[in-house]
Amino acid sequence: MASSSSSSSSVLFMIFAIVLAVVSASNFNQDFTITWGDGRAKILNNSQLLTLSLDKASGSGFQSNNEYLFGKIDMQLKLVSGNSAGTVTAYYLSSQGSTHDEIDFEFLGNLSGEPYVLHTNVFSQGKGNREQQFYLWFDPIADFHTYSILWNPQRIIFSVDGTPIREFKNAESMGVPYPKNQPMRIYSSLWNADDWATRGGLVKTDWTKAPFTASYRNFNANACIWSSGSSSCSSSSSSSSKNNAWLSEQLDSTNQGRLKWVQKNYMIYNYCCTDFSKEISTRISSTNVAWSRIFKRKLIYHY
Ligand SMILES: *[C@@H]1O[C@H](CO)[C@@H](O)[C@H](O)[C@H]1NC(C)=O
Ligand SMILES: *[C@@H]1O[C@H](CO)[C@@H](O)[C@H](O)[C@H]1NC(C)=O
């Protein structure tokens, strides 16, 4: 009697520990695979830290071991410091194939003391061209900051340190495809794009400053893991449904106000309504951003 109850409680404990592991994570060896860069990407500090680096010969990158179909995903990044002109750090979710879905953060480097541009995009069924670009309200090289993607069936919300910067709503009722059927992995890469990244390609990478390094820590995915055609969220276990409030999360009035604050003060380009008074918008938009996509697609399919 006693032994059977202690063995059943240890089984319960094991199940609990496994559930916790799925929720808390932040072990880069367990959650990610370095996919390219020939030693330029490193997992350090007891798997708590990942660094990517770029030199003249190559950049580097990693991808998540899991595929996700919806999630609330946080990562802390500390971007390339000093003169990062010409470098691009991409951190995004993507599915595979020509009609893929994708949710992008891309950080375009700059000369020392000049501002990074945070570029965002959403692809659904292979169609993108939904760029919004921002300056940040802090120096992203001085410390780690949290970049988050909330992706649920109703909306995608990009946030920085908990402040929403962009909301992409499900507008299927108006005929706009929405990413909701294709599981995505997390990808990140650091590469050279000095033909377009900084001031539209005017400022080139200074290779005497290489290697360039970006760092990652405190990954957290509260997400539905997709595996062999089924979602971890469709299991009826009460512990998973309790943690799944994000599946219907939306912006409350405080967060709507913060989103407006960012869009009013820090947005520099919006695909839907370009403000030509901001000098950067015309330069970095259309042609140059198309380059970024082509380049990144190559990285995904080659590695
Ligand atoms: C990595 O570990 C070292 C030694 O414990 C610590 O000083 C450093 O702050 C850690 N780095 C990061 C980015 O967590
Ligand atoms: C770099 O700095 C220039 C000058 O301040 C600015 O116009 C540009 O938006 C900055 N960012 C990028 C990625 O070019």
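Even glycines carry a Cβ here, placed using N, Cα and C.
The signal peptide annotation in TrEMBL covers 1-25.
Taken from TrEMBL, the feature domain 'GH16' applies to 22-216.
The active site, nucleophile annotation in TrEMBL covers Glu102 (among others). Reduced to three states, the DSSP call for Glu102 (active site, nucleophile) is strand. Contacts of Glu102 (active site, nucleophile) defined by a Cβ separation under 8 A and a same-chain sequence distance of 6+ are given as Tyr92, Leu93, Ser94, Ser95, Asn121, Val122, Phe123, Gly128, Pro179, Met184, in order along the sequence.
Annotated active site, nucleophile per TrEMBL: Glu106 (among others), in sequence order.
The N-linked glycosylation site annotation in TrEMBL covers Asn110. In the shown protein chains, 21 other C-beta atoms lie within 10 A of the C-beta of Asn110 (N-linked glycosylation site).
Mean predicted confidence for the domain 'GH16' (22-216): the pLDDT average there is 96. In the shown protein chains, 23 other C-beta atoms lie within 10 A of the C-beta of Glu106 (active site, nucleophile).
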